[in-house]
Structure formats: C-alpha cells, structure tokens
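K.L.:
Quick one: the structure is below, questions incoming.
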Amino acid sequence: MTYGNIRSSPPEMSIFRALLFLFSMLYFTVINFIWRLLSVFIKRRVVPKTEDRLLLMSATKAAKMIRERKITSIELIEAYINRIEEVNGAINAIAEDNFTDARQRAHEADAILESIEREGEEYTKLIAAKPLLGVPFTVKDCIEAAGLKCTIGLATRRDVKAVEDATVIRRMKNAGAILLAVTNVPEVCMWWESSNTIYGRVSNPYDARRTAGGSSGGEGALISACGSVTGLGSDIGGSIRMPSFFNGVFGLKPTPGVVPLSGHHPQVEGYMTEMLRIGPICRYAEDLELLLKVLAADDSINLLQLDKPVNLHSIRVFYMSGLKTPFVEALSSECHNALKMAVEHFERKYDLCAIRLDLPFVHKALDFYFASMEVPGVTPLVHAMTELDSDVDCAFELAKFVLGLSSHTLAAITMAVFENRALFREERKRTIIAQRDRLHRELSELLQANGILLFPSFPTLVPFHNQPLLTPFNFAYTGLWNALALPVVQCPLGLSRHSLPIGVQVIGAPASDRLLIAVARDLEQAFGGWKPLIDR
C-alpha cells in the first residue's frame, strides 16, 4: 500500500547487502548458541512470588484505600520495605534506600487523614491536591532527590548527594507520594544493561541469569518484583521501554515537552532535549494516567486532554514487523507472535482491518539515532566519566579493566573509544536529518489523533547478562522512536513458553498520550498485563 509519501515496499537489496545479511544471521546464531550453552551451567533463579495483597494493587487503588482509611500509609510502606529486603539480594535493584524518611512521611500522611473530616471540604481539597497521598514510589539514580545520592553509576560520584529535588520529584512529593528508594543504573546511564562499579549489576526477576535492561533497569526489576508499585525512569534510547519489556511492566515515553527534564543527569542540549524523556514505569496501566497528570504541568495536561474520554471504537491500527538491518538481530518468533496477538486483538474486538506498513526510512533507525545524538555542546562521555575533571584515557582504562583494576565498566569504556569518531560527513548527516524529519511528519499525519502504530518491543526475548556487549545495536527497536520524538507506551502481553515477558510498543502522534494510555489499559484487560512471578 501507499499512504501519502510513505512507500510500503522496501528497496531492492544489492549483492553486498545480501551477503552482509547472511553474515549477520550466522553471527547472531553463534552468539545466541554460546549464551544458551553457557546458561545451561547456571541455575535459573526467580524471585519468590508474593501473596501480600498490599503489594498486588495499583497506586491508584492504594491511594484510594488510604484516603478511605481501609489501609494506612505506614502499612503499605512497611509492606514494600519488607519486600525490598526479601528480593533485592537476587536482583540488586537498590542504589540507596530512603526507608527512615519514608516511614516518617507515612506516619505524617496517616496523621493528616486522621485530623480531617472525610466528608468535609478540606478532605475534598486534599484529594485534588494530593492524589498519591501515602503511596510509595522509587526513582532512577540519575534524577535528583534532595539528600540522596545521585551517582548516575559513576565511581567518581560515589558520594555525591543531590541538594534539591528535580522538578518531577517535587511534583510527586507535592502529590503526596513517598520516595522509598533510588534504583540502580548503568555507568553514565548510556547502556542498555544496568551495571556499574559502585553497586554492581541488576538482574531480571524472572531469570537472574538475564539482564533487567537499562538504563532504568533497577526501576524495571524492582517494580516487576513487587518491590515498588511505580517509579520514574528516563529514556533517550529505550531506557524506559527496554526495562519495561524485559521485566514485563508498563512504561511510557511521553510527548516531548510534557514532563520537565530539570534535575536529570547527564544534562542534554539541542535536539537531544526532544529525544530524552522522563516518564512513569508501573505494573498497572491505570497508574499511567494518574502519574502523567502529576508529572505534567497544567498547560501540558490541557494539551494532552487527559481528562477527555477515549473512544477506541474509532481507532485506526497500523503495524510493522520490525527492522531490516544487518546490524540488528532478526525478529524472533516469540516477538513476532506477540505483535500478531496485539494486531489480532484490535481487529477482532473493534471489527477493523489493521494495515501493515513497511516504511523504508524506518529501517534507517541506527542512522537516525546516531545522527540525532551528534549535538554540539554536549559533554563528551570521556569527560563525563571523570566527573568533568579530565578526559578518561580509554586505552589505559581498558588495560586496567583486563586486570580487574578499572573503576569503569567495559560498556562505558568501549562507547568512549568510539564516541569521538565522526560517523557521518556533514552533507550525509544533513540528508539523514532531513529524512528523519520527513518520516516524523509523515507518521504524525498518518496517525493523527486516533491512529496507533504497533511495533515489536525488541527483536528477541530478554537477553542473558553481558550478551548486549556483542549485540549492541538491538536497541534500534526503541531508539528509533527517540530519534523521531514520538510518544510510545510499552505494554506487557504476558509470558512466553519459557516464562519470560513478551510485549509490544504502541506509538502515537505527538500529544496522543491519552490514546496510548487507553490502548495500554485495553491490552491489559485483554492479556492480563503484568504477570506474577512463578517460583522455580
């Protein structure tokens, strides 16, 4: 099909490109075989399932029950603290806890509710002003929370504490939410496996042999393991959506400009401010709307029309079956089937015909992403790795790493080595940026207010630890949508036959966040959303 200027047929493949795809297939087959073989010698470890009803309710429901005094905030806080102490040894998601302050805030929340009449005007005002009163949340270790460490996984920032709250933290606290802990990230938050030399590596709650993703890996793992009900992540290449997919929870990358970035590290400039988003991660889809309302300013709430009902019976559904590039793994059967499940659900429930797209520019995902990240004025990674003290000597650090003496991770050192190598000549970069902007316009016009694009979350199920080092460009499935600056919600669709999360990304036009949240709730109702862990 053809829609506007969007061509649906891929360009012809040259002999060289065909050989490149053949080599790619052989390469990824060998990598997967090696990691699967190595995993045979390591016992699969799954965090224990919880039966505590306090841990199995949404933030929205928990807030309501606290307001109605059916439960107390301190009961909820203690339940989550106990759960963190139970599971963190297996997943290593916590960078720093805030338990003492959280208990005090919980007692204060309960005291406020005890001091006012439930049917009075003061109570009504309290509900409007503090919709999350008494409910815990966690935050990624790159968003400033006053009095707590903000290391961004850098050994040189091991003792750095935030002086004030980031805007999003302040808004959560003003809404009555209680900060429970800061969660683990990769070094400088620039890798999709969460590991650093301060706190170590985050593991997946469904299988500790596998990654929790990054860079919001600590958030994804902790929320999935019922150690937190909701949290804040950030996303410049999939850092909310990959951990959400790998850990079977919901994650929203909002429309640019809706949620403020102040207090986030590393800081960004230029077009990267369109790519980087702070957004919610949660187990239950209904919390996405509440959290977005809290995080967004009033004018953004009006722009998104978050209080306006969504009629999904008028929805238009498009889908794509992944990327065609030799640098990224081919779409696995499990991820293809997950996409198919979502497509068939909408066709069956809403009596529509989903339209398959194959947009040539989409397959330029890596070009779009790396060209978009080449922004003048941004602190180089080699400088950021030393906390702006000097440039890190990559060759020396690599030698130290081999000897087990480096304070940096192999992923960070490797990225620093290639960072200053210009990928594109200026003329080529201008062409790529023009193509990127054209695709953004055409998708925005195609989707408009009632269209969604279903896209695979990732080419494979959650990888094993360290596997990303040899499959680094698989992030293109998420990074593409940062380059295009479009809102995306990651939705879980249950578990595979191997009891690992499956899911789908849902992409919308700018300011379509309300539609995306409605779709997330619809998919949760159809497929069950987050699935409780199964003990092994």
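In case you wondered, yes, glycine gets a Cβ from its N, Cα and C as well.
Pulled these features from TrEMBL for this protein:
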ACT_SITE  LYS140  active site, charge relay system
ACT_SITE  SER215  active site, charge relay system
ACT_SITE  SER239  active site, acyl-ester intermediate
DOMAIN    75-516  domain 'Amidase'
TRANSMEM  15-35  transmembrane segment
K.L.:
Would you identify the secondary structure of SER239 (active site, acyl-ester intermediate) according to DSSP, in three states?
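P.N.:
Its secondary structure by DSSP: coil.
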K.L.:
Looking at the active-site residues SER215, SER239, which one has the fewest other Cβ atoms within 10 Å of its own Cβ?
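P.N.:
Lowest Cβ count within 10 Å among the active-site residues (SER215, SER239) is SER215.
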K.L.:
Give the three-state DSSP assignment (helix, strand or coil) for LYS140 (active site, charge relay system).
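P.N.:
LYS140 (active site, charge relay system) sits in a strand per DSSP.
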K.L.:
By the DSSP assignment reduced to helix, strand and coil, which category contains SER215 (active site, charge relay system)?
P.N.:
coil
K.L.:
Fill in the CA-CA distance, LYS140 (active site, charge relay system) to SER215 (active site, charge relay system), as an integer in Å.
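P.N.:
Between the Cα atoms of LYS140 (active site, charge relay system) and SER215 (active site, charge relay system), the distance comes to 9 Å.
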K.L.:
I need the CA-to-CA distance for SER215 (active site, charge relay system) versus SER239 (active site, acyl-ester intermediate), whole Å please.
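P.N.:
So the Cα of SER239 (active site, acyl-ester intermediate) lies 5 Å away from that of SER215 (active site, charge relay system).
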K.L.:
Is it possible to get the count of other C-beta atoms within 10 angstroms of the C-beta of LYS140 (active site, charge relay system)?
P.N.:
31
K.L.:
Over the domain 'Amidase' (75-516), what does the predicted model average in pLDDT?
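P.N.:
Across the residues of the domain 'Amidase' (75-516) the model's pLDDT averages 96 on the 0 to 100 scale.
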